């Protein structure tokens, strides 16, 4: 037992880990002596705890991978809305999803604690509505003139609901343990499960899209053939996922103060800006890859297997990157992992044959794993650094995670909308078996040069990231002393 005599009882917020449950004491109005039967509790997470936490992220990625890889070609060639309308659906939907992130973060901060915590009710409550919205996103309505509004509405609803799951789920990382190593380990488990979810989503949807390609009667000798003309195949794929809610522009003073403090924290801004550009690069490759294989390379019969190869490589390499970041540091791991993809994407553009495509797929999986694991492994370090710099400002974890997702989603939405709009300007012919030369050239730029430029920009910003391994270990010692 220990005594808290002399503590400031007006602002006291003390976290006690007891049987893996966090008890929050806020605005304590008790006698100055508080006694706890257990003071030093093990922060080591069990394998079961890590797996249970990690499994929660898998269903989200099943849906996310299907939309990331196949929604664009679905809107163009199945729903058969024109490229400008498809770009508006993707852009507005992504931006809407980004806007809802900080709103959800604010609402979570204002939520009351329940028997299952403050974050869990958000994830559990909205999941059924997310399933419905996701189903109708892949459903072709019987009318034609209103399809743009249909897909725009359900994509925005899907983005809204998915945010409400993702923000509280990602913020849970900070409450698993006070031990940085245990949080990093839990994050690695989570990323492994999420990539497995991505693999499942891409496998299911990829096979459906591939079968739709074989059903379309385009000339088999045409290397740019490929058209998703059968809507029945791509309408199925349901995945139980997560959710969200929106509303309210009113901001309370405590939230506003916390927001200002977070936005003034240099390491957070640097990390967010760096991975914003890197995420945009990965998003460009991911969203245009199927179109590239279909219309710009003779890979239309292989794209689903290539996607699976990328994801299998990513799943296998996540433990490798976890070992690498523990051995050489997170910043070094980020540079090595993200840089790896650049020469291989350019290789695929200039040598688009099957053998090269599979080599590129295996190599790209390494970078995909790094881009998934490292930002979520580095963000808790930024939160720890913020806690040391602002020891009396607590409870802002949701702001860190929600605004990180906001900025990356917003940038991805812009890039996705602009890339689809570029196809419209290049003369994309909806429903055609062969696209004109400017469209092929545009797809090569979107797969090769553009992602490389974004990655280089992101890595240049990451050079300014101040939390090295020495700083991280020093922060860990200081936080332990404070606790």
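Glycine residues also receive a Cβ, built from the backbone N, Cα and C atoms like all the rest.
The model shown is predicted, which means the values in this text are computed figures rather than measured ones.
The annotation transmembrane segment is assigned in TrEMBL to 119-137, 149-176, 266-286, 306-325, 332-351, 398-421, 441-465.
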Close approaches to the transmembrane segment (149-176) from elsewhere in its chain (Cβ under 8 angstroms; 6 or more beyond its ends): 22, 45, 49, 53, 56-57, 60, 63-64, 67, 71, 75, 79, 81, 88-90, 92-94, 96-97, 100-101, 104-105, 108, 118-120, 122-123, 126-127, 129-130, 133-134, 136-137, 141, 182-183, 186-187, 190, 241-246, 376, 379-380, 383, 397-398, 400-402, 405
Ranked first among 306-325, 332-351, 441-465 for CB pairs under 8 angstroms with the transmembrane segment (266-286): 441-465
Contact set, same chain, for the transmembrane segment (306-325): CB under 8 Å, 6 or more residues outside the stretch: 65, 69, 184-185, 188, 191-192, 195-196, 198-199, 202-203, 206, 289-290, 293, 299, 332-333, 336-337, 357-358, 361-366, 368-370, 372-374, 377
